[in-house]
Amino acid sequence: MYLVTAAEMGQLDRLASSEYMIPSIVLMENAGLRVVESIERHFQGQVANRRILIFCGKGNNGGDGLVVARHLLNRGAEVKVFLLARPEDIRGDARTNLEIYQKMGGKLLLLLGESHLQRADIALLYADLVVDAIFGTGFKGAAMGLPAAVINMINKAHRETVAVDLPSGLEADTGRCFGPCIQATWTVTFALPKLGLVVEPGASLTGRLEVADIGIPQKLVATQHFNRRLLTAAWCRSQLPRREASGHKGLYGRVLAVGGSPGLTGAITLAATAALKAGAGLVTAAVPRGVQGILAMKTTEIMTMSLPETPAGALSRDALDPLLERLAEVDVLAIGPGLSRDPATVDLVKELLPRVQVPAVVDADALNALATDTRVLTGDHGPLVLTPHPGEMARLLGTTAAKIQEDRLEIAAKYAREWQAVLLLKGARTVIAWPDGQVYINPTGNPGMATAGSGDVLTGIIAGLAGQGLKPGVAAALGAYLHGAAGDEAARQRGQRAMMAGDLLDFLPYVLRNLEEEVETIVAAGLGRD
């Protein structure tokens with residue numbers, strides 16, 4: 001599902017009118033009707049006699065709200081419109097809908113100053129629902145003055161609130177909120193989701209997101225060159241590797257997982273197990289000689305490979321040649337889980353990666369090794385999938401995690417191009433950037449997954465998918481979705497607070513089966529179905 005900026009959405013609206021002769025007032029009517037239908041579903045078809053307050057600004061978003069008011073009035077709801085502007089200041093299609101609403105006898109109350117707030121505050125005490133139609137996609141900066149006071153008043157009332165297109169006070173392009181912003185119960189956005197609705201903090205303010213068709217021709221959408229997508233179950237289902245009836249384990253990918261060190265054998269075990277559970281045919285865990293026995297006792301299905309080690313028990317520079325020999329026999333490399341930051345291991349990583357020709361999924365201490373010399377990334381290398389969390393990304397760039405979080409999408413996209421690697425930036429709403437400029441945002445996952453070993457599971461899933469022949473970017477995007485969906489299922493069945501990385505392994509097969517069989521149990525947090 002494409003994600004758009006305010007400018008891109010505005011261009012679609014204009015082209016729908018200029019090239020397809022769809023009047024803008026028709027788009028406004030369709031938008032308002034979709035919100036009304038959503039409200040009807042919310043109340044299970046019973047909107048008659050519901051006390052619904054609609055707060056309208058003076059722009060087109062307010063016009064959408066006036067369409068909502070008209071149709072709810074026709075359906076028997078007790079509607080009050082609070083207008084944050086003088087009627088004579090309303091223009092265009094919004095003015096037309098205001099006049100229709102007034103001719104229908106609808107209640108219109110003006111909010112022109114703080115002295116008018118008391119009546120709205122009292123009405124909120126008895127409201128069944130609030131409709132937020134104050135600001136639209138053109139809003140930038142911070143809500144101030146009267147609009148800010150109204151937004152704060154609505155939030156303090158703690159009434160169920162549906163936002164029209166996006167919560168007022170939220171920037172459509174960035175998801176940032178520099179002043180008060182509506183905390184919506186759910187949001188009905190039009191045609192395509194706006195970027196700011198699916199990245200934090202916007203995603204948390206949006207509530208459940210519904211994407212409504214307002215009649216913009218799909219033929220028109222197909223002519224546009226949008227490079228950002230929201231991952232959906234439908235897209236992920238279409239990317240699943242096929243399992244042939246005549247298939248064998250060699251056909252489904254040979255994965256070499258390199259990592260482990262004293263005290264950190266769990267990380268490489270999780271990654272290797274995840275690769276198998278993601279569908280890989282054969283997985284070998286290559287670890288320091290001193291921990292091979294521990295790993296062999298931990299696992300049954302995973303093969304192990306013993307490698308030379310340093311006096312501290314980490315992988316030594318002498319592991320390079322054995323690894324290169326084994327890499328000639330596998331389809332994908334996963335490197336980093338539990339690897340350690342031993343100086344000899346750091347040197348090993350920097351010498352190994354430029355010589356790897358198969359796709360390599362690079363995580364954890366392998367990323368920390370690259371942070372000591374990023375020339376490995378800017379030089380010649382094979383296909384790479386880098387999977388940093390914000391702290392690891394900050395080390396790669398010599399900055400802070402806070403700076404990374406301020407501009408996650410742009411940073412991921414920039415360095416995916418610069419390093420010619422797939423860059424998966426972990427966090428709430430994980431970003432997957434491809435070297436060609438495409439960016440995917442993953443809606444699955446929850447805070448319970450912020451636990452030791454979760455990233456190791458993700459590394460293994462991606463490697464397992466890449467081993468089955470998926471391109472690195474597809475493997476990373478699909479892997480992120482499956483990883484988060486497994487976490488969501490674990491949260492539903494076991495709760496978030498006590499979640500462990502092993503729970504993700506338990507529920508990954510369940511998620512894969514349901515996705516493959518098109519069972520609609522995978523619903524991304526905050527989103528409706530595809």
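Glycine too: its Cβ is placed from the backbone N, Cα and C atoms.
Annotation source Swiss-Prot lists K(+) binding site at Asn61, Asp132, Ser168, citing similarity to another entry. Less than 8 angstroms from the CB of Asn61 (K(+) binding site) sit Ala133, Ile134, Phe135, Gly136, Thr137, Val164, Asp165, Ser168, each of them six or more residues away in the same chain. In the three-state DSSP assignment, the secondary structure recorded for Asn61 (K(+) binding site) is helix.
There are 26 other Cβ atoms within 10 Å of the Cβ belonging to Asp165 ((6S)-NADPHX 1 binding site). Annotation source Swiss-Prot lists (6S)-NADPHX 1 binding site at Asp165, citing similarity to another entry.
DSSP assigns Asp456 ((6S)-NADPHX 2 binding site) to a helix in the three-state reduction. Sequence annotations record features per position, and here Swiss-Prot assigns (6S)-NADPHX 2 binding site to Gly338, Asp456.
Ala428 (ADP binding site) falls within neither a helix nor a strand when secondary structure is assigned with DSSP, and so counts as coil. Within 10 Å of the Cβ of Ala428 (ADP binding site) there are 18 other Cβ atoms, across all protein chains. According to Swiss-Prot, the ADP binding site annotation covers 426-430, 446-455, on the basis of similarity to another entry.
Annotated domain 'YjeF N-terminal' per Swiss-Prot: 9-222, in sequence order.
Here Swiss-Prot flags 232-515 as domain 'YjeF C-terminal'. On the 0 to 100 pLDDT scale, the domain 'YjeF C-terminal' (232-515) averages 96 in this prediction.
The annotation region 'NADPHX 1' is assigned in Swiss-Prot to 60-64 (among others).
For the region 'NADPHX 1' (136-142), the list of distant contacts is 6, 9-10, 57, 59-61, 64, 148, 164-166, 168-172, 178-179, 194: same-chain residues at least six beyond its ends, Cβ to Cβ under 8 Å. Here Swiss-Prot flags 136-142 (among others) as region 'NADPHX 1'.
The region 'ADP-dependent (S)-NAD(P)H-hydrate dehydratase' annotation in Swiss-Prot covers 232-530 and rests on similarity to another entry.
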Among the binding-site residues Ser168, Thr430, Thr451, which residue has the fewest other Cβ atoms within 10 Å of its own Cβ? Thr451
Asp132 (K(+) binding site) and Ala428 (ADP binding site), distance between Cα atoms, whole Å: 26
Gly338 ((6S)-NADPHX 2 binding site) and Thr451 (ADP binding site), distance between Cα atoms, whole Å: 15
Look at each of the binding-site residues, Pro447, Gly453, Gly455, and point out the one with the fewest other Cβ atoms around it within 10 Å. Pro447
Around the K(+) site formed by Asn61, Asp132, Ser168, which additional residues qualify by having Cβ within 8 Å of the site's Cβ center? Phe55, Gly57, Gly62, Gly65, Ala133, Ile134, Phe135, Gly136, Ala163, Val164, Asp165, Leu166, Pro167, Ile182
